[in-house]
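Trainee: Feature table excerpt (TrEMBL):
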type: BINDING; residues: C101, C104, H105; note: heme c 1 binding site
type: BINDING; residues: C243, C246, H247; note: heme c 2 binding site
type: DOMAIN; residues: 80-209; note: domain 'Cytochrome c'
type: DOMAIN; residues: 228-358; note: domain 'Cytochrome c'
type: REGION; residues: 22-41; note: region 'Disordered'
type: SIGNAL; residues: 1-19; note: signal peptide
Amino acid sequence: MINCYGLCCLLLFLCGACSKSPVTDGEVPLPEPEPVDTRSTREKYSAAITAWPEAEWYSGIIKKELAELPANPNAKPNTEVLRLGKVLFFEKRMGSIQNSCSSCHNPAKFWTDGSRMAIGGGVRNTPTIENAWHLKGHLFHDGRAATYAEQITEAIESPIEMDGDLNIIPWILSQIPGYPPLFEAAYGSNSITRERILDALEVYTLSISSGETAFDRFVRGDYAALTDKEIEGLHLFRTKGKCINCHNGPFFTDLQYHNLGYAVDFRGDLDNGRYEVTGFEADKGKLRTPGLRNVSNTAPYWHNGEIATLEEVIDLLNRGMPHTGRQKINGTLSPHIRPLQLTSNEQRAILAFLNTLSSEVLKVESPTLPQ
Ligand code: HEC
Ligand code: HEC
């Protein structure tokens, strides 16, 4: 009797015997040449992201593809907490510097101040707070704040941001008759506490997202949303330009820290970046990869606001971040920054692609502040 195993062996043997032609020396058949992909870049990209041409990854990189804008899990309906948070975001009376969060994170300027350094002091450029909800654990250019409460406390108490004192602010707000009813509506009692102030500000901050872009429409299958040049730029961003190695995922950041040189701040001092947080020599001069949504709307660039335009950013990256003027490196340049040999047409295509990451400016009415 023949069992199943025996039958399989027999079949395999027979198949092998009939398909195997005898190979003699010098007669090894050449492999079929790879079929040449004659499709245009547009055709290659008019498909689901998973079917796009393979990106050029540096070895050791966690490969994370680009993706469309996800829904913000913190976009709350217009609750009373959100309303209070918005009022506090525009409130200038919390600190001795007459700054509100909105002085630096101005909604009309895509939640930045458009200045090289934060207005009112400091040595760093004000980042947008759009999509800050995905930065948990990585807040600030060096990622030093792990939680929103920590980050907002620093914003309020820093002598160069608002110079307020969260032990005194509850009392200051309780002296303004319009405030206790807002806390009552939001939290069920009119007591004003540090925790409630931080919570309301966090709820408001996390509700802020960037909007839909031409890139998102393209990814969702509206292939007319990008021009040929913009698609060429997308391709270069993922391949020859190597940008995707650090700027990836739905927000175009790996949430990692890299050294791109250009560490000198406006006073002429070196910014230590991530080193201040970890104390590791290897982290000197490293900064968090910023997201790139609405990047065309948030000049100037770099943690120190040293680079004025996107053309300059791309040109410097293309040349491997050479130092011009008084700029210097602190620590060691990322091994992933090297000359790219992009032609000027290719650089313009990358710029055109970056412009497709812009959404409409959100129209935000300033709230009437309690009196
Ligand atoms: C004087 C200008 C100024 C004011 C006022 C200010 N910020 Fe900022 N904000 C900055 C700067 C500059 C940074 C980056 C600082 C750094 O990396 O060291 C920042 C970072 C942030 C971040 C982290 C963003 C990121 O990409 O890591 C959030 C969120 C934020 N601020 C929210 C607020 C809130 C909420 C308030 C009000 C309580 C506020 N800020 C007040 C200038 C300001
Ligand atoms: C090795 C990782 C890495 C690579 C590769 C890389 N970037 Fe960046 N990028 C960063 C980091 C980190 C910063 C922030 C530098 C700083 O603040 O000092 C940055 C900053 C930027 C900024 C400024 C954003 C802002 O808000 O200030 C733009 C624009 C940008 N990169 C585009 C690109 C493009 C285009 C490419 C490809 C040609 C690229 N990057 C390649 C890590 C990288």
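Every residue gets a Cβ built from N, Cα and C, even glycine.
Unlike curated records, TrEMBL annotations are generated automatically.
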Trainee: Near ligand 2, which of the binding-site residues C101, C104, H105 are found, taking a Cβ distance under 6 A to any of its atoms?
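Mentor: Passing the 6 Å Cβ check against ligand 2: none.
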Trainee: In the domain 'Cytochrome c' (228-358), how many residues does DSSP call helix, how many strand, and how many coil?
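Mentor: Split into helix, strand and coil, the domain 'Cytochrome c' (228-358) gives 45 helix, 11 strand, 75 coil.
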Trainee: For C243 (heme c 2 binding site), which residues of its chain lie six or more apart in sequence with Cβ-Cβ distance below 8 Å?
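Mentor: Same-chain residues close to C243 (heme c 2 binding site) (Cβ under 8 Å, separated by 6 or more) are F237, L317, I350.
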Trainee: Neighbourhood of the heme c 2 site (C243, C246, H247): other residues with Cβ within 8 Å of the Cβ centroid, in order?
Mentor: F237, K242, I244, N245, N248, F252, T253, D254, T289, L292
Trainee: Over all shown protein chains, what is the count of other CB atoms within 10 A of the CB belonging to H247 (heme c 2 binding site)?
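Mentor: For H247 (heme c 2 binding site), the count of other Cβ atoms within 10 Å is 23.
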Trainee: Using DSSP, tally how many residues of the domain 'Cytochrome c' (80-209) sit in helix, strand and coil.
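Mentor: So the domain 'Cytochrome c' (80-209) is made up of 59 helix, 6 strand, 65 coil.
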Trainee: Mind giving me a neighbour count for H105 (heme c 1 binding site)? Other Cβ atoms within 10 Å of its Cβ, every protein chain shown.
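Mentor: So the Cβ neighbour count for H105 (heme c 1 binding site) comes to 23.
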